[in-house]
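Report on the following structure.
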Amino acid sequence: MSEGYSTGDIVAASCRGHPVEGIYITNRDGMAVIKLGSGYNIGVDPDSCTLVRAAPPAAPAGEFSVTQDDSLPDLAIISTGGTIASKIDYRTGAVTSRFTADDILRAIPGLSTIGRYRSEVLATILSENMTPATWQALARSVHDAVGDGAAGVIVTHGTDTMAYSASALAYMLKTPVPVVFVGSQRSADRPSSDNIMNAMCAASAATSDLGEVAVVMHATTSDDHCAVHRGTRVRKMHTSRRDAFVSHDMAPIGTVDYPSLEVRLSDDAVRRGHADLALHDRLEERCGLLYFYPGMPEAVVRAHEGCRGLVIAGTGLGHISTACIGAVRDLIDAGTAVVMTSQCLHGRVCDRVYDTGRDLLAAGVVEGEDMLPEAALTKLMWVLGNESDPERVREMMVTDLAGEIRRRSDHGL
Amino acid sequence: MDYDEIGLKAGIEIHQQLDTAEKLFCRCPTRLRQTEEHTGEFFRYLHATVSEMGEIDRAAAEEMMDRRQFRYFTYDTTCLIENDEEPPAPMNQEALGIALQIARTFSMHPVEQVHTMRKLVIDGSNTSGFQRTALVAMGGVLPGGGGVETICLEEEAAQRVEGSTFSLDRLGIPLVEITTAPCMHTPEEVQSTAEYIGMVLRSTGRVKRGLGTIRQDINVSIRDGARVEIKGVQELDLIAEVVAREALRQTNLLAIRDELRARNATVDDETHDVTALFAETRSAILKRAKVVLAVILPGYAGLVGREIQPGRRLGSEISDYVKKCGLGGIFHTDELPAYGVTADEVAGLRAHLGVADEDAVLLIAGSRERCECGARQSRLRARLALEGVPEETRKMLEGGSTAYMRPLPGAARMYPETDVFPVTITDADWTAVTVPELLSDLAVRFEEELGLDPGLARQVAYSERLPLFRSAVDAGIGATLAARTVLATLKELGREGVAVERIAAMDLVLVLRAAEEGRVAREAVPDILGAIAGGAVAGDAVEAHAGGMGDEELSALVRRIVEERAAFVQEKGMRALGPLMGVVMEEARGKVDGRKVSEVLRREISRLA
């Protein structure tokens with residue numbers, strides 16, 4: 001029986017009658033996984049395993065210290081997990097997120113030529129497990145780091161919800177220094193990972209003249225440059241490509257060339273020192289985001305009763321079916337702030353063109369201008385966390401607070 | 001050479017591409033493309049990564065700072081998986097099925113659960129920086145008692161276009177790697193084993209054919225020698241030569257070792273800057289160099305220049321190591337004066353360094369940094385000569401000699417491929433695997449059942465066009481006609497640039513049947529097949545050549561020709577057949593079967609003679 005073997009034990013086993021010997025790795029799905037001398041893993045019948053000798057005691061982990069160059073800018077790395085900080089769990093074979101910020105420095109020695117670092121592990125979670133509470137904790141950590149003199153902050157983050165976190169922080173923080181979110185699309189354990197280039201570019205952006213919350217990720221599939229995206233205008237647009245992040249309705253606010261690491265900021269980018277450091281970390285969590293689809297029963301809308309805010313990603317210019325409008329009206333009457341955005345992602349909402357739109361306006365829906373749905377959601381959480389007067393809420397929702405709304409739509413699409 | 005006496009041991013790894021519809025871990029076709037057809041390109045850097053146990057040392061940290069840029073060509077037949085921009089698809093079951101079929105042929109034991117691994121390869125040939133590979137079966141037998149150790153299913157690497165540019169069409173094509181035990185003891189045995197395994201692979205009918213679709217790595221050692229892996233031997237016929245030359249090399253290196261030891265030879269630790277000595281030299285290489293460094297090898301004189309393989313000396317081996325520093329090679333006193341270096345300069349060098357006649361001197365020329373690296377490398381290789389044969393990976397040179405590539409890898413750096421689930425091979429799966437008929441057995445059967453002569457039977461059984469032949473024979477076409485058509489006719493057409501691969505089996509059958517039935521002349525078959533390959537509808541192509549000359553028309557033609565030459569015919573009798581055949585065929589070629597012409601001509605001649 002294989003019970004009682006631990007990873008590293010040498011076991012003998014039979015592979016359909018052929019004797020093998022190898023390192024016991026784990027039991028998975030009813031099979032014992034063993035590593036042969038050639039390095040290959042195979043799965044064998046656990047009942048065929050016998051212990052040859054127990055694993056030698058684990059060698060103590062090597063001490064590691066990052067060599068810091070005091071003449072370089074003081075940067076903070078706040079690690080939250082994600083692929084950039086991922087590593088194979090040898091036991092389960094899955095990729096998990098468990099690197100500390102020190103591990104990141106260790107894995108990317110080049111970072112030490114850009115800054116000297118203080119690091120903090122805020123969380124080691126996959127980004128789908130983030131909550132508004134994590135965003136708040138993150139905002140506080142960034143605030144503290146900047147307050148302690150960090151010239152820039154790098155937040156390592158899973159890419160799937162990075163845009164939510166970045167936009168949430170954009171509302172909660174007034175920052176005089178760059179707060180740069182970075183992740184990777186291909187795991188750090190592969191030689192082709194985008195983690196090194198992304199991290200190097202992010203660090204360089206964190207030392208730049210930038211003064212806002214941004215996302216720095218590959219701009220193309222080649223390792224040629226990263227784009228600097230505004231935190232409230234960026235979206236992950238591809239499941240797996242390294243150039244998945246796209247700025248919507250505006251060009252990226254900058255680029256970082258690789259390997260030169262030269263940062264170029266656009267005129268749109270908010271410059272270092274533009275704002276004084278401030279933290280407003282209240283969020284109203286009782287908010288929802290609803291993706292409308294044809295045939296949606298009004299019960300789906302009514303399920304949001306009790307929410308203090310609801311963002312709807314409507315069709316086209318910002319619509320939902322006539323059948324759902326009554327439910328929206330009831331929500332608003334009951335005190336829920338409802339903000340309309342568009343599934344189109346590109347472009348601006350206008351509920352004055354068609355009848356359903358006018359009905360929505362009459363019901364009290366707020367036009368979400370050209371906000372991305374997720375940027376509108378985090379904004380609504382922040383606005384409701386700080387303001388309870390419905391008129392003030394409405395006013396703030398249509399006012400640009402952190403670059404999430406553009407007053408005019410450029411011709412440049 | 002008495003291979004038994006020197007204790008030759010050899011094993012082979014055969015890499016064979018499989019002819020599957022899709023690649024091993026994506027749904028792209030396994031089609032090779034011309035590089036001019038590429039539709040896009042991108043470039044990437046690869047970095048060595050932290051090992052799976054999380055170990056790291058300074059050397060690895062340094063290595064990780066290394067940026068190695070590679071450029072990749074993409075095609076409309078490649079996808080994001082080849083680009084390393086999407087997780088892999090599940091393992092191709094067709095490929096696994098073929099691997100299992102091969103495993104069964106060698107009486108191997110399949111693993112119960114196949115785990116895909118990542119083997120680190122950061123030379124750019126894989127966009128991910130690793131090759132996906134999975135052990136499928138173990139412990140097989142070869143005729144004659146040798147053993148097959150393992151069969152692995154792997155993805156093919158990207159093909160190098162030039163320098164650090166790679167083409168992604170080949171990346172991901174499934175291949176099997178078959179590793180034998182070190183069970184061979186003569187060069188011929190290695191070659192015949194490779195031939196046998198190749199035949200077994202082709203017996204599945206599901207492997208790719210043609211140059212580059214099969215490659216052999218050969219492991220060779222002799223007693224007191226060391227294991228040397230020779231990579232990428234593509235020509236089967238060269239295998240015996242490669243093994244023989246490696247045995248010779250190891251024997252000669254051992255003899256050099258013995259002689260060096262007898263002379264108490266050493267390697268001098270000091271590097272001497274002799275740049276000034278060559279300030280006025282006429283040697284272009286030395287003159288151009290910023291620095292010329294000398295390394296003294298006391299007791300090595302005469303041995304550095306001794307040949308160890310055709311065209312290769314100990315000096316060449318030292319040069320190979322030095323080339324790793326970005327230098328072209330070395331000069332050594334065993335070969336000087338030469339290359340523009342004069343006898344006076346050599347004498348001056350020896351006097352300057354104060355070396356004895358039995359000492360050898362190496363000269364390394366280039367930039368200071370590279371030369372210092374070269375001096376270190378040359379001392380390293382020279383010291384290894386004192387120990388005998390270094391374990392290493394070598395590449396084959398033209399003719400079968402080899403050159404140093406890199407040290408043998410240590411324990412394989414293999415990581416689990418976390419994006420691909422393990423695949424379980426159940427007893428039922430294994431039982432359902434059929435063993436293909438070996439081509440050698442098939443040839444015998446063709447002889448016996450179809451009456452083909454042995455040579456033709458073997459040729460057709462081993463041919464790439466065996467499936468076409470089978471279709472034709474199954475459709476009732478005569479075996480000899482079918483065999484000659486697929487072997488000779490198609491080959492000739494192919495040589496003329498006709499796209500014979502476009503000829504479908506059913507079309508071939510249609511044409512051959514028309515020929516057999518006399519509706520078209522056999523002579524017209526190449527033209528008809530050529531037309532079909534060029535895009536003509538088979539039926540139309542046959543019609544265009546059919547009925548060119550009816551029986552009556554032929555008789556009339558032959559009668560006219562015979563009568564016009566009545567005197568000649570009466571004089572020569574049946575011997576007129578040959579010359580008149582040519583005359584008739586000038587008018588009838590392609591319109592009527594030659595045999596038929598001969599028949600009618602014979603009848604007419606005998607009537608007149």
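For all residues, glycine too, the Cβ spot is worked out from N, Cα and C.
Annotation comment: TrEMBL describes A:T83, A:T159, A:D160, A:K236 as active site. Sequence annotations record features per position, and here TrEMBL assigns domain 'L-asparaginase N-terminal' to A:75-263. What TrEMBL records for A:288-397 is domain 'Asparaginase/glutaminase C-terminal'.
Positions of the features from TrEMBL, shown on the structure.
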{"residue": "A:T83", "record": "active site", "Cβ within 10 Å": "25"}
{"residue": "A:T159", "record": "active site", "Cβ within 10 Å": "26"}
{"residue": "A:D160", "record": "active site", "Cβ within 10 Å": "17"}
{"residue": "A:K236", "record": "active site", "Cβ within 10 Å": "21"}
Secondary structure content, the domain 'Asparaginase/glutaminase C-terminal' (A:288-397) (per DSSP, counts of residues): 48 helix, 20 strand, 42 coil
Rounded Cα-Cα span from A:T83 (active site) to A:T159 (active site), Å: 8
Rounded Cα-Cα span from A:K236 (active site) to A:D160 (active site), Å: 7
Rounded inter-Cα distance in Å - A:K236 (active site), A:T83 (active site): 14
Overall pLDDT for the domain 'L-asparaginase N-terminal' (A:75-263), taken as the rounded mean: 90
